[in-house]
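The next block holds one structure in the form of structure tokens; read it before the comments.
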Amino acid sequence: MGFGGDLKYSHDALLKLQDWELRLLETVKKFMVMRVKSDKEYASTLQNLCNQVDKESACQLDYISNVSKSWLLVVQQTEQLSKIMKTHAEDLNSGPLHRLTMMIKDKQQVKKSFVGVHQQIEAEMYKVTKTELEKLKSSYRQLIKEVNSAKEKYKEAVAKGKETEKAKDRCEKATMKLHMLHNQYVLALKGAQLHQHQYYDSTLPLLLDSLQKMQEEMIKALKGILDEYSEITSLVTEEIVNVHKEIQTSVEQIDPNSEYNDFIDTHRSSEVVEQEIEFDTSLLEENENLQANEIMWNNLTAESLQVMLKTVIEELMQTQQTLLSKEELVLDLEKKIEESSKTCEKKSDIVLLLSQKQALEELKQTVQQLKCSEAKFAAQKELLEQKVQENDGKEPPPVVNYEEDARSVIFDVISTTEKPLAEQDWYHGAIPRIEAQELLKQQGDFLVRESHGKPGEYVLSVFSDGQRRHFIIQYADNQYRFEGTGFPTIPQLIEHHYTTKQVITKKSGVVLLNPVVKDKKWVLSHEDVTLGELLGKGNFGEVYKGTLKDKTPVAVKTCKEDLPQELKIKFLSEARILKQYDHPNIVKLIGVCTQRQPIYIVMELVPGGDFLSFLRKKKDELKTKQLVKFSLDAASGMAYLESKNCIHRDLAARNCLVGESNILKISDFGMSRQEDDGVYSSSGLKQIPIKWTAPEALNYGRYTSESDVWSFGILLWETFSLGVCPYPGMTNQQAREQVEKGYRMSAPQKCPEEIYKIMQRCWDYKPENRPKFSEIQKELSSIKKKVT
């Protein structure tokens, strides 16, 4: 009994189920929040609380829910505690309630993922089995008419003895188009048949089973939360012990494995026999040379069949490689979840694994979709190979009984430009793939770039038919080409395809229309920059003092050539972000050198060095007014970033610079992200500055401007402690644990009380209660006027 086997056609019921469970969880959360507050008051307040709680009624359900029954019992037994003062309120707040909040977010994500994937696979199903086939059939019918018309005109020409060669050529071309389309239709039909079977036999059941698995995991997590809740609220008196036993019994009645049995019985959908997808034989009524479900091999299609076979084999191999890597990821994640499960100290710690388990289920869904594609490509490959092999060594039979005249087409392609590649306006150097994609916006937009993963290899990026396509420029026998004519240089190759509008590849049908010109404002050549003394080393390479041709001093960040591609992309992301900003308290970007390796990011040279070293070196000279001024500069820069929805993620004294006239500038945007909604979710384990990072970012990987505000509070503490490391005497882990328990650092010596109050507000555990940077900027501006 399961969702995959019994609920294929019960999508609406599943959505209602998830909505109801979310409302139930919100009710449980509301109860616990009020319980934490009310347990500090007298019995009468507790009694009023229980009267106010919106008890979720089982009558709203059309099936029997043990979760609902157990929850109602919990509330009823809690009402008997009206004469007992609440204890352990702090433990209850940081334990079950905190994890329940996490669980609600995870459950919302599960529903969102389920709806999204269901819509995706359903749309793909309709596209493959309906839309694409109907489009091919329409073209099929039209081409048959064109072939018949061409034949009639050829007969008329032969009879009249006029323009017979021209009529014959038209007839042949029309016939070739029809036969090629026929082959496309046969292949598409085969793919649609397999796709339909895979959808109802594997893809949809796997999605539904994945949902059931996560639903059951949620029930298991809820059981753990309620179990821990009952333990925390238990007291030692006989009366309370009896109440607790009742609550414990009701919770233990929750069984994740059987919770949905009645729901499945109630909403079980009957099996629907899907109509088989067959070749539409009506397409052949007006043509006697084509056969249903047969690949046509003749003098017009032999070459294209070889190309199609090669393409299908390449796509099959690519799919198999991707499938293998995804299956390895599944095994790694399953092992990681298993290891993490062993370290769970509390029952409700299961909640901490829900996001990983959901990721695992989504990964399994991806694997299933890849298997479907693999089967489809394999079937198409078998069809093509069978036809090619059975005719191996044979001369392709003619379609029409007349002799072919020999024709040759000679293309004299003369390049209209002799400038080297680096000077071409459409050549963007070693920019990341994601940046190239952002530049391609309209049909036919194109640019050329150097591959990040394989330096020395060049890629043509094009926007075509709503997709951004990337073609590796092949180099062999001193010629550059895609699949046709070769040229001595890349500019000549691009000029040929741009001026003649010849497709890049026959399969893609991509045509070059609009060259995307690089933004010369930020483009520098390596010859424009002279490197000087080494200033330091970063995560990606060395940082040098440099000089431009006009003698302007600059700081030059270099990127190691042997870094993995993903790290090179992260290196350039800092420049992508800084291109958009212009503020006196944000370090300025001067340009980037991407025309060859190694890549440079050229920035303004800030003479005072990093703020942390400055504080420690000048601590005996710095006055309170100057420290407030530094703080105001930092707040101004961060308020500007906040207005741009930019999340810095690594705000600290070490990542600020001191410029001329002691102006502080925000720097080091290597970890920064710019998001439309101002929220960036990070996943995976990586090195993060724990003592500077907000709790929600550490716990859930959720970065916002509010998490930057927390870091700003630490920066304020660093400033007024004159460079002392935060949480002195504590390790990173100790500091993290103390913050979770409510500990906050005391004010540094000689720190103004108003400044310390800002720090405390920055360190509010709830992100929504922290001040905005624009508010902090105004407050610091006011404080600066008062300080002497």
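Keep in mind that glycine also has a Cβ here, set from the backbone N, Cα and C atoms.
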Listed co-binder of ATP (same site as Leu535, Gly536, Lys537, Gly538, Asn539, Phe540, Gly541, Glu542, Val543, source TrEMBL) among Lys520, Lys521, Lys557: Lys557
Coiled coil range according to TrEMBL, out of 91-125, 126-160, 616-650: 126-160
Coiled coil per TrEMBL - which of 45-72, 353-380, 409-436: 353-380
Tally of residues which DSSP labels helix, strand or coil - the domain 'SH2' (426-516): 18 helix, 29 strand, 44 coil
Asp650 (active site, proton acceptor) CB neighbourhood, other CB atoms within 10 A: 19
Residues from the same chain, set at least six apart from the ends of the coiled coil (353-380), whose C-beta lies under 8 A from its own: 102-103, 106, 109-110, 113, 117, 121, 187, 190-191, 194-195, 198-199, 202-203, 206-207, 210-211, 213-214, 217-218, 221, 312, 315-316, 319-320, 322-323, 326-327, 329-330, 333-334, 336-337, 340-341, 344, 683
